[in-house]
Amino acid sequence: MESFVDEVAIEVFAGHGGAGSVHFRREKYVEFGGPDGGDGGIGGNVVIRPNLSMYTLDKYLSKRKFKAQAGFPGVGDNCSGKKGEDLVLFVPLGTQIYDEETGDLLFDFVSDSQEFVVARGGRGGKGNAHFKTSTNQTPRFAQPGEEGEYKFLRLSLKLLADVGIVGLPNAGKSTLISKITDAHPKIAGYAFTTLSPNLGVVKRRGDIFRFTIADIPGIIEGASMGIGLGLSFLRHIERVKGILYLFDASSLDIEEDLKMLRNELSTYNPELLNRPYLIVLNKIDIWNDPEFTKDVIAKVSHLGKVVAISADQEVNLEELLENMDEVFFKNEIEKILNPIKDTKPISLDESDIFES
């Protein structure tokens, strides 16, 4: 079973350039042919690409050093050596590549069509054919190939989810994501069941529109400072378009809980408070009283748009999804349902008018 690993350091070595050749022509009736040593091949590059089937960096725990193939040496008849084969490393979409020595962000994978050449292979050495001069007709030396680039990298994964579910421990985040997506997180009736983010895909409008949703481990006061499971997973909601603040509807003070959660997000990254959000009251099946549910909603409605659900009993889940469509994805869905035709205006330029 995969373990969720979202940060790891690795070393990569591009391929060494191939050596130039020391070689001389062998011609009939020519005792000493001229130099014809070919150049060495370029070393292979180290290339990083995203893989949509990967959700963790755990494969890089067992192996931390990676080296591309060296370029092949040159040969006679001025033939260059073959280029070394590139080494391709795959990472989950959302992975950021940092230079571990400088801390600089080198690349951010936000599209599955991207590719990043992180280390380039060394140039091949020149063969002895390059070194023939009027005073040295038979050079017996060639250049060695150059070293390939070396990089010490930190791979840091930030999930590319459209919606993030944020809540206290045991609010029902994993149950909710299991009901509205095809994800199958571990679910239990105790705090901190979720020890790593879960990612699922929500299909809407007959599957013409999809979005991804992630739940992160429960947040407690001080999470942004490392308390509880800490800030290690907060970065996975940095890219979301919208946030669901999920609460156990029987909480004694939902307003204070919301204030605490938003304070933790703000301490970690103030930009998160600018994301649109919904307040979701879960577990309303506990009392099974519609009027009481209305009273609970009324008490917190001044905090934002509120939806009351029971994830476990699948109550009001469609209402929740409709609100998510409206609050988070209204423009995107409208563009899909009502595409604008690309029409060109009729030209009234006199030059376009011809007499028959």
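Quick reminder: no glycine exception, Cβ is built from N, Cα and C everywhere.
Here is what Swiss-Prot says about this protein:
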BINDING   167-174, 192-196, 215-218, 282-285, 310-312  GTP binding site
BINDING   S174, T194  Mg(2+) binding site
DOMAIN    2-160  domain 'Obg'
DOMAIN    161-329  domain 'OBG-type G'
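What Swiss-Prot annotates, mapped onto the structure for a quick look.
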residue	record	Cβ contacts under 8 Å, 6 or more apart
G167	GTP binding site	K173, G218, I219, Y245, L246, F247, L261
S196	GTP binding site	S3, F4, P217, F233
K283	GTP binding site	G172, D248, A249, S250, S310, A311, D312
Task: Residue, out of the binding-site residues N170, S310, whose Cβ gathers the largest set of other Cβ atoms within 10 Å - done: S310
Task: Collapsed DSSP category at K173 (GTP binding site) - done: helix
Task: Where G167 (GTP binding site) sits in the secondary structure, as DSSP reduces it to three classes - done: strand
